[in-house]
């Protein structure tokens, strides 16, 4: 046992060091490449007329203290301590506010959500905190919930905008650096080279970040060592007195010399922090908050030395401000540094794209983004995903910005506005969390906001002055993203409220009898619904229009809980609808906003669902059920079935060969059939379903049939028998229209915008990974 524990500890230590190593490339790449463009952006406006050593020293002092105050003090001391079960970012803060501040607008919130192990944390409980009038604001005013959601979506839209701007600004500054030594005739090839570099980056996204982290982390490490060495060289060679500018007195001298022009230049100086600060708030990998702290203290000295070296060079060569970094590189090492810089910018783009995919996935999980395809592979880093639609949209927008601008100053202005807006919104959310989540005093929350928020507002206002010089780009893109997400949330919530108000009365179902007035045929029907309680109105379509339905009926609700992830043993909530003789169950599949579907195929889900129902039947009998065939809970109490230690021990799993895209009953080729018939059957399947793929099917069998209660055994045996006949997935195919007397704005949003988004996004069956050959779609008209 001791040897096993030692091996386990060694494995954890290796995993820790591995994540520290990978986070160099994933989190800190953007911060490491910001020296490429900070001085150029800061001196892009009227500040370029102040060509003196005092102005350069003052600019460096502003950059140094900005980097120290935000990236080192705020990031390492405060931001790395703000996490939700080890997860960081905008949605981690929003999740905490939803759970502990009652700001949630998610449907299907239940008291059972609070029983999840990832829901409560020590020091976060609000049960013993006296409820002041301000703390009761979310309960009294629903507009405050909507305002917070819009603020979070605004931050998410800015994060997506960074996914467009970061590859463009990083690529341009790295590639255009070669113009320092290239002849003028070769400059025309720089834009095509940049486009090829960007297109290659987006095309290779499907390979996953796990390979990128291993390939490019050495690049970032080499880049950091290179810029630190260059900084030391420039300090010693050009102006050793630059160390004097570490004193904050030079900030005062800088603004005394430059006045309003110096304040406007803050928009360029803030680019020294826009690398890691937005990524810190968008952190995407499990535990990366913890593993990034050592790296934060390693990267800081390298950046300070580089900024000092550039300032020392510019104090003697102010005419080289447009390409200050490359101009300060000695000719002997120029081309190796250029190659490393280009590779480092690829790391930057990869980091931001990964964060953007994660942001989109979390928006989608919280019902604020149209259905998209979420790709996750088991060999990838835990909960790392790839979104094809977003990848291609970002590629088109990034190419358009790069080709349309061809001006690094304008892209820098746009980048600064997007980054600083995201940083300020995050500071506001942390201030709310201090009061509503950690239940500290209002004075402490206001002090935090005043300390950081006022300084950030100063940078933010100086950035917004440059709206006409390219700053309108992030505002336009983020407005489109924000409008799309808000309309989808608005339409989805209206549909949920319609379903909630049109549930079938339980008394009406009970009057139909155990056969529900139709013929019950062998098999299992999984009816997907957004409701966590009650019977959806779509079920009445079967009872009135179909002569038969399945023997076992399970209402499945795929629900998102405001936690980052739900442990597998707590994922399934199972209950019964009506008496036992009705054979109707409810299963709520709980997911966190960062959970990904790791099932290899539909059989994994089917088997987990069947085992959960069987376990529920056993737990129900042990919990004091009546033990009669007509007994059961009409109210439909739910139970977390996987908390049982004996879960799944009665079942055996066997593997057999099958074809993807077929249900468990649609393909039945036995060895008694001739080889010719088997071959014809395979050819027919390929012609009818070209997407069919050969795969392994997992069969579930009941191994242990010893039950103390005969009625329990009978019900479980019927469940297993129905599973052999096949499983059908029933899902609604909706058509939404606003009421004819609704206001014009509502009719425009529902009938035009929401309808357009719904028709052009992924189908619900694809988003839920439902096999097409087992799918039954039911038409449903919504009058909202």
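Note that Cβ sites are derived from N, Cα and C of the backbone, with glycine treated the same way.
The transmembrane segment annotation in TrEMBL falls on one of the ranges 241-262, 263-284, 505-526, namely 263-284. The stretch from 146-169, 296-313, 333-353 with the most CB pairs below 8 A to the transmembrane segment (415-437) is 146-169.
The predicted model assigns the domain 'K+ potassium transporter C-terminal' (522-783) a mean pLDDT of 72.
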